[in-house]
Amino acid sequence: MKEIPKGLESLNDSGYYLWKYIPSVPLAIIFAILFLAITGLHIKKLFDSRTWYCIWFIIGGLMEVAGFIARCVANYNTGKLIPYVIQNLLLLLPPVLFAATVYMVLGRIIRHVNGEIYSLVPVKWMTFIFVMGDLLSFVVQGGGAGLMVIGDAEKTERGEKMIVGGLLIQVVVFGFFCVTAVVFHLRYNRHSVAAAAYGGRGGMAEGWKKLLFMLYGVSGLIMARSLFRVAEFAMGEDGYLLANEWPLYVFDSVLMLAVMGAFWMWHPNLLVREGGRERVRSQVSLEETELSSGTGLKDRGYLGP
């Protein structure tokens with residue numbers, strides 16, 4: 001362990017240090033404000049678009065805010081267990097909720113373009129399979145974080161191993177998800193007939209593609225963050241990544257802020273808006289066909305039998 005910083009307190013004066021540094025209040029305040037702002041934007045978009053399944057992004061954002069507030073409190077209470085536990089859990093787990101939302105969006109994209117036959121995983125099972133894997137990761141990481149704060153060296157080491165295991169589960173599940181998304185995209189684009197069914201008139205193609213590329217981007221960010229966390233806990237509590245504060249912000253907080261920003265900018269409400277526009281276009285097209293043939297006028301009583 002590096003030299004103990006001045007002012008750092010041990011847990012209940014036991015000689016065991018929860019923290020390896022004194023958490024920065026200014027940094028925690030800045031990121032709490034940033035996450036609060038982007039979460040507020042997500043709340044507004046949620047109610048505007050009624051895409052209720054995206055509520056997990058909001059819960060994850062609020063967890064980030066609470067986690068950074070706990071870090072502020074911990075600055076003055078480095079020897080107290082509760083602030084450490086709260087910030088540890090609330091900053092560790094939100095990406096699991098972000099990932100769950102990403103899984104749900106892919107299924108909706110595939111249904112939106114009638115591309116079920118091109119999916120590697122049956123769409124009706126897609127959300128269940130990936131979210132269950134995500135939930136397993138969530139439970140294992142949460143259990144590991146709980147063991148780490150007991151203050152016993154043996155349980156702390158076991159907790160670190162559990163967190164690494166939970167993160168590896170998340171990486172494997174997320175990797176399979178990325179393969180599923182790419183395979184669908186390639187198969188769908190290879191079949192011009194299927195692509196023309198929605199993209200031929202140019203109305204539907206752009207929105208779902210933008211959304212799919214957004215999923216690629218946020219998936220890459222979440223994967224990078226998960227790999228960082230694997231390395232962090234694999235190195236142990238005295239390793240460089242856990243013993244210094246800056247890696248948490250650079251390789252976790254900044255990446256998750258970017259995930260929330262990208263998801264807000266290219267939001268799944270693109271599918272809601274496009275679905276509405278397509279229904280209007282279909283109705284107009286039907287009416288134009290009826291009018292050109294005279295059928296519609298007869299049906300409406302404007303022409304005789």
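A Cβ is built for glycine as well, from the same backbone N, Cα and C atoms used for every other residue.
Copied over from TrEMBL, here are the features:
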type	residues	note
COMPBIAS	284-295	compositional bias 'Polar residues'
REGION	284-305	region 'Disordered'
TRANSMEM	21-41	transmembrane segment
TRANSMEM	53-76	transmembrane segment
TRANSMEM	82-106	transmembrane segment
TRANSMEM	127-150	transmembrane segment
TRANSMEM	162-184	transmembrane segment
TRANSMEM	211-228	transmembrane segment
TRANSMEM	248-267	transmembrane segment
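With Cβ pairs under 8 Å as the measure, the transmembrane segment (21-41) is packed most heavily against 248-267, out of 127-150, 162-184, 211-228, 248-267. Count of Cβ pairs under 8 Å against the transmembrane segment (211-228): among 127-150, 162-184, 248-267, the largest is for 248-267.
Two recorded stretches are said to be in contact when at least 3 C-beta pairs lie under 8 angstroms, sequence spacing 6 or more; the transmembrane segment (53-76) and the transmembrane segment (127-150) fall short of this definition. Among 82-106, 127-150, 248-267, 127-150 has the largest number of CB pairs under 8 A with the transmembrane segment (162-184).
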